[in-house]
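Here is what TrEMBL says about this protein:
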type     : residues : note
DOMAIN   : 44-317   : domain 'NADP-dependent oxidoreductase'
ACT_SITE : Y80      : active site, proton donor
SITE     : K110     : site 'Lowers pKa of active site Tyr'
BINDING  : H143     : substrate binding site
Amino acid sequence: MGDGVAFASMGDRIALDGAVALPQQNGRSTTLSLSGCEKPVPVIGMGTMSYPPVDIETTKAAILEAMRAGYRHFDTAFAYGSEKPLGEAIAEALRVGLIQSRDELFITTKLWSSFADPAQVVPACRMSLQNLQLEYVDMYLIHQPVRLTEMISRTPVAAEIIRPLDVKGVWEGMEECKNLGLTKGIGVSNFSCKKMEELLSIAKIPPALNQVEMNPVWQQKQLREFCKARGVHITAYSPLGANNTKWGDNRIVESDVLADIAKAKGKTTAQVALRWAYEQGVSIVTKSFNKQRMRENLQIFDWALSTNDLEKINQLLQRKGVTLASILGPHDLFLELDAEV
């Protein structure tokens, strides 16, 4: 069902893109074992970036609510400003017994472009760990394939601080983070096939995953096939189109095609979009601070899309939503990177 992915009943093991998904347990999300990562990743994670930004207490409260709902995978980044509230939420969850051990959680954070210099990678990872109050993260990603020579407080950025990424030097720093035990796995975000090829040609430790925009209106078929052939897992961000952000839109939440499928199945449009992503063999990072939607987003494992449903979704008009140029400015390097598949 879709990209050669074999599905079975929830009582069986499910083969997904070279990984193994385990059935739901205690109402919590299915997990995937990834190549080069020491811990399985829950299929559905909670994103912690807010636009516009919210205060630390609001983010912390939402994360705790997500833990109560069953989330165990949390995605953050230095650039999001959510490492500290996530760290505080984890400490609180341990204190009140919401979780019994930090090992129950899968935590992802990212190397921001202002630190994407070989000499700064390990210190940046240590800084994120301090923010998170953790001894290690489960996945550390290069946030995007570009270097900024200064810290930024607003966008667009000035052209003079933009540099191409030193892929070899920065990846060696990422490998050092893993060798030091600061992270269980390393990977990238927003890398095209071209950038992945460059990275794989020099990596001593191959990237475990590539976190990219992926949803029914930006399906990433070529990149998924490329990564699958090389044993690199895909994590989908903006699986619902990042509506109500300056880079997202309502093409998914207001899609008539998805709404019709949802109505026929007694599901929400969001659940159909998330189920579609799951059936492509990827893990998913979805962001909602709404209690009901948090729980609805986990309820995608005990039903399936039909072949006819998938054919309709495959025919949706495709357009990339998240671009470097739209967020950081229409500079030549960003336009070049955005044009890569």
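Cβ coordinates come from backbone N, Cα and C, glycine included.
Structural mapping of features recorded in TrEMBL.
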residue : record                               : Cβ within 10 Å
Y80     : active site, proton donor            : 21
K110    : site 'Lowers pKa of active site Tyr' : 28
H143    : substrate binding site               : 21
At the Cα level, what's the spacing in Å between K110 (site 'Lowers pKa of active site Tyr') and the residue listed as 'substrate binding site', rounded? 5
Reported mean pLDDT - the domain 'NADP-dependent oxidoreductase' (44-317): 95
Please report how many Å separate the Cα atom of H143 (substrate binding site) from that of Y80 (active site, proton donor), as a whole number. 11
